[in-house]
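Everything below concerns the one structure shown next.
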Amino acid sequence: GIVLVAINPYEQLPIYEQDVIYAYSDQNVGDMDPHIFAVAEEAYKQMARDEKNQSIIVSGESGAGKTVSAKYAMRFFATVGGSASETNIEAKVLASSPIMEAIGNARTTRNDNSSRFGKYIQLGFDKRCRIIGANMRTYLLEKSRVVFQAEDERNYHIFYQLCASAGLPEFKELAL
């Protein structure tokens, strides 16, 4: 399949805005510059044409921008699938597990809020290729951070949040 190598610029760039989504929509791979939207468009077209499930695998080192790339792909699908303004599927999918994110994010030397989870996201489409739902499964990748962290890094944020809130009256009620 298609392979895209992306580099995290650690800042917002105008190459992910709505007009860029529309520019890549209905294009063939290779007609435009390599982009996450080109990969998403190819998967979307093949799904619609062949009526078969498609997969996009986003892989890379810590801080490479995997989560952000997945967000951009979902934004593309929500826009071309006609769902973006109606239900904001992207936001719903990404906000579906805030507790898991609080438990599973840590500080690394490259990223102050780096996800320590792998994510498997399934988007459901109807016969008209519109997003009708989503399911996200998360799995803990770096269990070692529970008991150890490298110098200048911090283990899971939730431990620090719990310690910082230990004096609050609600804390006792939670039996923690």
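Using N, Cα and C of the backbone, Cβ positions are placed for all residues, glycine too.
Features of the protein shown, as given by TrEMBL:
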type	residues	note
BINDING	G60, E61, S62, G63, A64, G65, K66, T67	ATP binding site
DOMAIN	1-176	domain 'Myosin motor'
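Taking the binding-site residues G60, G63, G65 in turn and counting surrounding C-beta atoms within 10 angstroms, the largest count is reached at G65. Looking just at the domain 'Myosin motor' (1-176), the mean pLDDT is 83. A 10 Å cutoff on Cβ-Cβ distances gives K66 (ATP binding site) a total of 20 other Cβ atoms nearby, all chains included.
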